[in-house]
There are 2 protein chains.
Amino acid sequence: MPVFLNTRDSDFETQFTTLLGAKREDSPDVDAVVAGIIADVRARGDAAVLELTEKFDRLTLTPETLAFSAEEIDAAVAQVPEAEAEALSLAARRIRAYHERQMPHDESWTDATGARLGWRWGPVDAAGLYVPGGLASYPSSVLMNAIPAQVAGVKRLAICAPTPDGVANPLVLLAARLAGVDTIYRIGGAQAVAAMAYGTETIAPVDKITGPGNAFVAAAKRRVFGKVGIDMIAGPSEILVIADGDNDPDWIAVDLLSQAEHDESAQSILITDDAEFGAAVARAVDARLETLERRAIAGPSWRDYGAVITVADLDEAAALSDRIAPEHLELCVADPVALSEKITHAGAIFLGQWTPEAIGDYIGGPNHVLPTARSARFSSGLSVMDFLKRTTLAQMTPEALRAIGPAAETLAKSESLEAHGLSVRARLDRLNR
Amino acid sequence: MPVFLNTRDSDFETQFTTLLGAKREDSPDVDAVVAGIIADVRARGDAAVLELTEKFDRLTLTPETLAFSAEEIDAAVAQVPEAEAEALSLAARRIRAYHERQMPHDESWTDATGARLGWRWGPVDAAGLYVPGGLASYPSSVLMNAIPAQVAGVKRLAICAPTPDGVANPLVLLAARLAGVDTIYRIGGAQAVAAMAYGTETIAPVDKITGPGNAFVAAAKRRVFGKVGIDMIAGPSEILVIADGDNDPDWIAVDLLSQAEHDESAQSILITDDAEFGAAVARAVDARLETLERRAIAGPSWRDYGAVITVADLDEAAALSDRIAPEHLELCVADPVALSEKITHAGAIFLGQWTPEAIGDYIGGPNHVLPTARSARFSSGLSVMDFLKRTTLAQMTPEALRAIGPAAETLAKSESLEAHGLSVRARLDRLNR
């Protein structure tokens, strides 16, 4: 049973705080193991990667077979049924079109002193995308990670995708090809992250690593942060649906289950201003759970972390939503645009009852890599910005230096940084000669 | 003596790689200590913060005196000499003008299917800025951290600035006031970072923590990353100057020393196409080091990490610069704009001989919080973007769902995510009725 809360209940605040604070993630302390794996890959390169792949994925590789060959990719891609290939291709086109609009512009201007100022954007040279193996091997995630990198202009794109027992997902290989990925290594875990960050004899190091992964991958990304850039440390998925009574309870039920089926630690919450409707949705969830293929995952998620919250009005709903700062937010209300304007913290908003969150997972265009665990308070979904960096530019003229140099010298002296001041003073003295 | 390299030397590649790989940072393993401090602050709140401040800063505070009072700030600000106050005020205006241009725009459009797509930017609710105490207590850093947050629209800004033995820097307090900071806590170290991330009885938690600090502060920021956003883990400062022979050696010498004086681990490198000029700059550095106030810091930095590299031409210089990916890059050449276009990786570029790097530290306008330790390969200086986050928006119409929904359903099935597909199918079935 999910929890049923009502903002009118006297203990609502306590219960809501408990809900917010629920620790949904197993965080096994894998950091020591991961530190050892990273040190091993740095010290022994390919040899370490091959041994660890043998150990964890039961797969014997050589430096020559670390990456899929073009023929292997061709053969796998040829197995993909046409309908799936077309759907993936449509998704790739839409995701690309959305992300192309994110490209920021360079700026350059001259200020009143004659100083020329501005900045310039450029892509990272190389990016490495982690794609989990097994159940969570999602071709859609390949598109969502690789296309922004490609749009940003990243010259070299590599994927690490473990293939436990040698089993590869043909759709993942097709997605990689659609997204312009050059090289796909069949390795995973902390060893893959270490290899991408530090390089080995066979694997060229990259500058930025993105993509989801298990606790080992997350710990490895945290450890290599600084040596390379990383995207974020993602937690279990979440959805918050705000729905008024004028919705089909079954639609909202499957929307809630579409996150619950990801992971037993996923969280699905409904906020409604109609208690009757909330109860109807809960019944519809139960009905769907009787037959849902992944009921063994979605059931525990809904039971342990699901919630139905009844509010007095939609303003209350917006305020609670901001405290949750959900990864995904569906607004199934009469005027979803008006309600969205009251929302400050959310990774992605899906407006109106014709926009199930699953559209955003696959084909809407926006990225599905989104901030979890309340991090929408301070971070954003993946975008082309993650694969770009900015260089600031400044050019003084003698006149500009004369105008603002003395203040710089004053501040340098006040910070006891004499050479800073001298570097300005030497030039001002020349001008005053 | 700094190292003198020449790209014509047969062992240049080995020597350059050694220079690139030089470990300049003491990384004492403070992580266990920091983990303990964070746990203590989470468990005991104010009491822990007060005890740790007594221990490390030799300062006895109470919950009431954790923050400076308005009267204390008034009194300190009144001590600032007028020339310094005016210089700081000019710096604040110029930094604000530059950063105001960084504000990104919201986007919204309708695609060919009728789907409405876009995104929206918004500020984090609260930001906490760390300002080191002692030697590295720089008012300019207060401006560089706080003004982008203020421009982004952050509603609540707090500073943590330790005051060892109770000694505060009046200019830091003035800078905080100029930048619109509400509250200044006189605490530092890992305990300050923990207090800002998790909150205590007196200190309200923030959503984003930025600012430089020692090894304890850096380790604490790394640990609270995820609970809150952080800017970056900054290392010792660096400058690379590319200069042709048509420069005053003394100007370049003081430019190199302006980073060397920051820290014994700072690094200053000159690349020139004129070996004679390189030797003249080295002599000018030695001459300046005889009298420089901070020669005890700048001397060891130049001796241990300084380098003068002679190249055959400026194209070679640009290629080496990209391998260094410097935090600060000065281009003192005849056509600095043309040379800058050959540079891909740099935190900030200073164009031409009238633009000493120190201008950028104080008053140019661009931010002086920049990526160190080769991280300009994948990251950018601080900006208003660090205090903003993006919410993506999608709104389908029945027609749009009919156009793209079936592909989403196909992909959901291919990923064995049945409920994802059902959430689309339920709506398509209604349309087809």
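Placed from the backbone N, Cα and C atoms, the Cβ positions cover glycine too.
Sequence annotations record features per position, and here TrEMBL assigns NAD(+) binding site to B:Y130, B:Q191, B:N214. Sequence-distant contacts (6 or more apart, same chain, Cβ under 8 Å) of B:N214 (NAD(+) binding site) comprise B:P132, B:G189.
Summarising the annotation, TrEMBL assigns substrate binding site to B:S237, B:Q259, B:H262, B:H328, B:D361, B:E415, B:H420. Same-chain residues at least 6 positions away in sequence with a Cβ under 8 Å from that of B:H328 (substrate binding site) are, in sequence order, B:S237, B:E238, B:I239, B:L240, B:Q259, B:A346, B:G347, B:A348, B:F350, B:E357, B:G360, B:L370. B:H328 (substrate binding site) falls within a strand segment according to DSSP.
As annotated by TrEMBL, Zn(2+) binding site applies to B:Q259, B:H262, B:D361, B:H420. Other Cβ atoms within 10 Å of the Cβ of B:D361 (substrate binding site), summed over all protein chains shown, number 29. Mapped onto three states, the DSSP output places B:D361 (substrate binding site) in helix.
The active site, proton acceptor annotation in TrEMBL covers B:E327 (among others). Taking a C-beta cut-off of under 8 Å and a sequence gap of six or more, B:E327 (active site, proton acceptor) has these contacts in its own chain: B:S237, B:E238, B:I239, B:A346, B:G347, B:A348, B:L370, B:P371, B:T372, B:A376.
As annotated by TrEMBL, active site, proton acceptor applies to B:H328 (among others).
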If you count the other Cβ atoms within 10 Å of each Cβ, which of the binding-site residues B:Q191, B:S237, B:Q259 comes out on top?
B:Q259
Have a look at the binding-site residues B:D361, B:E415, B:H420 and say which one has the shortest Cα distance to B:Y130 (NAD(+) binding site).
B:D361
Take the recorded positions B:S237, B:E327, B:H328, B:D361, B:H420 and keep those with a Cβ under 8 Å from any chain A Cβ; what remains?
B:D361, B:H420
Between B:H420 (substrate binding site) and B:Q191 (NAD(+) binding site), how far is it from one CA atom to the other, in Å?
44
B:H262, B:H420: which of these binding-site residues has the highest Cβ count within 10 Å of its own Cβ?
B:H420
Between B:Q191 (NAD(+) binding site) and B:E415 (substrate binding site), what C-alpha distance do you get in Å?
45
Got a sec? Which of these binding-site residues, B:Y130, B:E415, has the most Cβ atoms within 10 Å?
B:Y130
Checking the spread of the NAD(+) site as listed (B:Y130, B:Q191, B:N214): what is the longest Cα-Cα distance, in whole Å?
13
